[in-house]
Amino acid sequence: MNSNPFTKNLQNVTDPSDWEPTKLPNLKELDSLQRCYICKEFLKAPVITSCNHTFCSHCIREYLIVNSHCPLCKAEQFESNLKRVILLEEIVLCFSKFRPILLELLKKEESNEAYDKNRSPFSEIPSKDEDSRKRSSPDQEVIEISSDESNSLELSEASNDVPKKKIKAEINSNSRNAIPTRNEMVECPICAEVMSADLLQTQHIDYCLSGKSQPSSSRSAGNSSSRYQSMKRRQPNKTNNGISSFFKPADNKPIMAGAGKLDLSKTDNQNFYFDEVSKHHHNDIKKLPKLDFSSLTTPKLKEKLSHLKLPVQGTRIQLELRYNQYYILFNSNLDSNHPLSEKVLKQKLNQWELSHSAFTNQGSTSTLFNNGSPAVKSITDKNFSVKEWLDANRNEYKSLVKAARASIKKASTKNVTSSISIDTEAINTHSVGGQHLNERSEYRSEANLIEPIDDGASEEIQQNEISNLNFKKDIANSPLFVKDTLNESHS
């Protein structure tokens, strides 16, 4: 036996593809249209957005905590624009109640048709051995018939001209006309006589209560129903439920397993929508407001939770998560036609906390539904807190600054030793001499004689030395300087 809880839960998962093996596979389209785009389940407390798309109230509110657009069309959405769809919720509830019955009926009819096609034409005529087995079976119900019918049966069996199939059909039709079906027969609560419900309610009950004799018409009807007594004798005794027992059959077995679990008398979706209009709105209960956690101190947040009779222990992130989740549960519950009590909502909140990593693992920094956390907010948000961001990433910034300073020092030492040197081969191709070349060589020698910058020197001294070297290097590499030098040497 598999004890995996996920396997057990999968057995209760419904999907539009369940209709494919039935006689009406196109019903999967109706099934899928009644499901939420986010959770893929049947719509619960459906709400419609300003862009005319419908989702579960819980799903879309949870989605809009982090996002600000419609999941389908990406149009901008606000939680305040969500509207209830009362009729759609009742339609979905009604369909989900009858869904298992429809599936079973369609599959059952399909299997019966396949069975009828595979049956041979001679399978309807039972053999003598089968007849004897059926007669000797203890579960087989025996129906006694009148002497006239038995004589006609013997005569028909004596003659071989009439086939058995025809005889069987005649007997079945006669017995059906003579004896009402079991569902049509009821028992008188006074004299315990079995008869039809119409006869009991119109004539028999009055005579039975007054103690008078039954009229001839009712007697004849009662005599025809007395043939049902043999069936009753072979059935187990049942307790008499009183006068209300004749409003329903004594033995009312469900047609299918799914129908036995469903009380069809409680499918009052139509009554709720048309008659119980006062239950459509919950004006006396206000929805919870959305909090701006960046402007709330921890004591203030705990005060808000305490006012809602919610736990106040935990870290700051846990407190924010707790409020957000209860905010979603509470407001989506008000969108339902059949809201739950606050006690049930708090039980759901407790179950959510037990399954959430931010509450089960200490020190976890999960940011699910945490719109107050800087990790969730965008840097372009008007409520973005720079101080919180700096505090959360202070250590990372320090390491980046340290690495940047080290790379600057390495780059400065390389520039002093290598990038200041000038390619002398290009200048020597020209017959350059004289005083300007000596001055140029002095600039180069002065640049090469400068010692590397000490690591312990201050940044101001380093910047001054580097700027002086760059200035001299620019003069030495200046094309005007080289041009003047060449002109003077040629002259």
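Cβ from N, Cα, C; glycine included.
For reference, Swiss-Prot has these:
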BINDING   C188, C191, H204, C208  Zn(2+) binding site
COMPBIAS  126-138  compositional bias 'Basic and acidic residues'
COMPBIAS  143-161  compositional bias 'Low complexity'
COMPBIAS  213-229  compositional bias 'Low complexity'
DOMAIN    293-327  domain 'SAP'
REGION    116-161  region 'Disordered'
REGION    211-249  region 'Disordered'
ZN_FING   36-74  zinc finger
ZN_FING   185-213  zinc finger
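In the structure as shown, the Cβ atom of H204 (Zn(2+) binding site) sits within 10 Å of 22 other Cβ atoms. Using a 10 Å radius centred on the Cβ of C191 (Zn(2+) binding site) and all shown protein chains, the other Cβ atoms total 11.
Each residue in P189, I190, E193, M195, L200, I205, Y207 lies on the same chain as C188, C191, H204, C208 and has a C-beta within 8 Å of the C-beta centroid of that Zn(2+) site, without being one of the site residues. All protein chains considered, the CB of C188 (Zn(2+) binding site) has 18 other CB atoms within 10 Å.
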